[in-house]
């Protein structure tokens, strides 16, 4: 009962009072005191100021024992500070600590030493006399008497104060007097004067007439951080003194030198100043080096302090404190001023303290103590242990919790309580038992997985600990889950297309649903990006996304996110947008010769489809736009960015561009390179079509096609025309210094008509002469034929065609004959409007077509050559035949029997002005073939084999001496499935299925031709 009352009292203290209640905290801790024994004040004060609520009680310890103020009237505590009246060196010297205590615990201050400053007298005995050689150095030892407090030293020489100069030096560390290069005037008595700087008390030592020899070494020293260090170096005879560090590093710039460099002072000593120092003394007798090691040390200094902790019962506490110092500090822990050791629930390791399963007895003030041989420091913190019954006033269960069927739900139960309570749950009025779906966590939360509709209802969390029981109730509502029925699917599209990414779901319609889309992790703003993105669907269960006019920038990951108040799900699809590559960049002509150019470029974007090849194009002033060029390598793959263009023409200005391609297509070309002209070279291309002939009498005409400018290979282009009579050896040459020349005429009376000449045309430019064209034979100008053709004869072939015959002239012509020209005209027409046709070579007959029937024509023939036509032959007459029948065969009927088709038609009768009918032509072909077969017959019927594979297409026309008459309309005879069928030319309604045609059967009187 008392234990419970105590716990409740602690709870009341925590919850009813202000949080300003806390344990003791030092505002000022005591410091070391050096008290002069002969002080007139006769009073010592050790300061200690503490705050806390409740107000702490202060007590003091001397050398670990409580100072009993009641037993010794000399001690008193004034506002926490200790006041000592008439201090006594024997009783009061020692180490003091201030101890502060209130209801939260106890803390201990740092240690403070009280020391008494004094200086005793020298022992009254004389010192031995020592002889010293003149010019040598010496040291006189002071040997101060027992004392406390810092001392200062001086010397008296023969009852007069001794001064320091470049030969004399008094060490303030030892009190010794150093004299360099002793002279006769230095002989005498020396007395050491010692002064206590705290008490200002001064004593004199016994006179010393002698000096003991010393080699001038100085000892190793330890120096605390921040103090000012002085090192003394003296050597006789009077030397030159240099200070240096043995490790070669420069001495800090803050260092100061005194007394002719005999003293080295280092203020504010730090770690980097530590090391081995050397004093080098050199005079006329030699050189000596003294060495001393300066070691850095530092008292502890906090890196990490401990802080107050408020914990509930049965929780764990962990504290860690860290300090630096040299040497490395050690740690110990205090609780309420008493040493804390490892036991049971308390684990201590260096600067860490771990308390498990905290209870009320652990509450109090804790201190971490870090110490080394140079000092001790304290860090304090309060541990408060909280105890309270469960309280739901600020953490009620959620009134309504929504969850989907098949989902998982956690109903949090987080009352304020200390120690941690035990939790039970009820559904309705029934205690809830844990099973494979239902679990209660250690912190009281209820977790249900695979939720079903039956899990809906009210749930109550009940929390209980030593100090009471409390409960809170909430409701669980179970909804149907949302499901994606038609998710978006990944697609591969081309630039410019439009698509719809579906996102259709089923969901509980009592819940609001929100569709959102993200593109590459960023939400799509349909207002900002409405040109391309639009939400479509038109119902609350569809959130389809339309993407219009897709561009390369739209490639990426699209996520449809669907959210209700009970669930959130998403479906993703990747959209790959492929397009031809972008233009390559920085096309550069690295080197150019007369026929090659070395190019380089940088690849442009591949637009999501790897570049497979590059094509190089060139443009010149002579080309029609850009043209592909030959390169090395011949095929430039997508990983190659240099190529050599070959086959260029010399002395032509080129610019180049590069085009990339991938599997989608050919991309945009790069920007053109700079324009560069290839180097000059000898011409290589000769004129084409070197020929000639014709012209006037005594002329040789030579013609050729000019070499295009882009093939001239350089400046100063022209032609060299070479010719000679056929069979001669010597060439005649003419130079034409014009690139546009295409004709040369050689005139000379010695040139005979139509004489053969060998001719060739060469080229040249500023680089030199090029090749000649192949030699060809050109004839000089000739005369027209002088004789007419003989034996002219003409006959009629049909109503539209006649044939003309003639013979070569009977007498020899002076001009050669290249062919004949036939002139013809109708009797009704004028001769000057006659039509003409020409033959070539020795042909002596020709056929004239497209004439009118029953018409009289006149004809004449002339020979011709390049000089013109000769005289005309005699005129002959011929009359064309009557026209063929104009009426086509009629009443065409076909019948099938066994394996034959029998065609019948009416006889055609010619008109008076038409040629008589001599027979008929039957033209037939299979439906799918273009070649036509012909059967001629003088009867009005014909037999064909049955068409089993394809339809027949048939025409019938009469023929006569005047030619073929008018044709009937096309007749289609379908494939036959019935061996007996009938049809006529005017109808195809009886068409049946046919099989292949094997042979053609005709009547015995028919005549076959193709």
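Numbering starts at 1 and runs along the chain as displayed.
Even glycines carry a Cβ here, placed using N, Cα and C.
Just so it is clear, the model here is predicted, and its values are computed rather than measured.
For the ranges 848-869, 870-891, 892-913, the feature annotated in TrEMBL as region 'Disordered' maps to 870-891. Looking at 617-642, 643-668, 669-694, the stretch flagged in TrEMBL as region 'Disordered' turns out to be 669-694. Using a Cβ-Cβ cut-off under 8 Å and counting only residues 6 or more beyond its ends in the same chain, the compositional bias 'Basic and acidic residues' (671-680) has close neighbours at 583, 585, 587-589, 592-595, 597, 599, 619, 648-657, 713-715, 765-767. Taken together, the residues of the domain 'Ig-like' (209-295) have an average pLDDT of 72.
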